[in-house]
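Since the structure comes first, as structure tokens, the remarks are kept for the end.
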Amino acid sequence: MSVMFDPDTAIYPFPPKPTPLSIDEKAYYREKIKRLLKERNAVMVAHYYTDPEIQQLAEETGGCISDSLEMARFGAKHPASTLLVAGVRFMGETAKILSPEKTILMPTLQAECSLDLGCPVEEFNAFCDAHPDRTVVVYANTSAAVKARADWVVTSSIAVELIDHLDSLGEKIIWAPDKHLGRYVQKQTGGDILCWQGACIVHDEFKTQALTRLQEEYPDAAILVHPESPQAIVDMADAVGSTSQLIAAAKTLPHQRLIVATDRGIFYKMQQAVPDKELLEAPTAGEGATCRSCAHCPWMAMNDLQAIAEALEQEGSNHEVHVDERLRERALVPLNRMLDFAATLRG
């Protein structure tokens, strides 16, 4: 079947980088945010890919730094009446779907995700309609509208286990939106998977030849790879996994030097986990080429201290996440299935 929208050829305009803050400005906004969090009965929920100073602030204020699955769990269970989600838009939507009674704020509602942008709901609905015999599994990196069409939502940390489970039931799968993660899961499980053709603009840029040269330069290094990366990069890995799984692998691998193929925002928590190990960025620019993302999501970078302070101070349409109630109820069903399934895996 042909699909009118082609994620492979889509070019997403990057947002402007936030204006760098001085040391004094950073100190001012840090103290202001801490005060506003207390006044608003709010807690910060930050993704591993946000900048280190944002993750540090979340730690210092009793918040959460995690992958998207744990962000969802933490936000739903925390008693705070307001969640400040430092991440990208779908993460704020997911928080609102799971916690409709809470106020969900984001530093900016313009923080997108190329996987989300690469899966427009109208085209995706048509794709699903053309394959009515397939169970629809969508990655967490999708809009509320796409989640509402799905049977299951999944994160990379439990993707293999879920598809293995569905395959054991004889179910055929539509997987969206990440083609690389879909192919990785298919290879691991042998499941019958029909993939949407989206990709993460960060992980899609990792280059095999450049990584090979870096490996030759550091032959004692282990390679850690997120499965949103191209198959050729995954094939070079000593460990493959979600952000939380890569941090765990960094601790268990005996190597003292690690080449990391995911967004460099992860280095903050990974270095905490292995303070005695050297972390190297996997290359995103090939021979004679330049990188666009350069191993850091440009939309994650929009979560700066000034924007967080403004979100807590101003609230309003520029910062508060809203999800249509009927859409929220439909999207909640596959999200709850994911959380229930994840709970069974934890025993």
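Note that Cβ sites are derived from N, Cα and C of the backbone, with glycine treated the same way.
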Need a hand: Swiss-Prot gives His47, Ser68, Tyr139, Ala140, Asn141, Ser156, His226, Pro227, Glu228 for iminosuccinate, which of Thr61, Thr82, Thr212, Thr243 is also on that list? Thr243
Inter-residue Cα distance where the pair is Cys297 ([4Fe-4S] cluster binding site) and Glu228 (iminosuccinate binding site), in Å: 13
Write down the Cα-Cα distance for Cys113 ([4Fe-4S] cluster binding site) and Asn141 (iminosuccinate binding site), rounded and given in Å. 7
Per DSSP, to which secondary structure element type does His226 (iminosuccinate binding site) belong, with helix, strand and coil as the options? coil
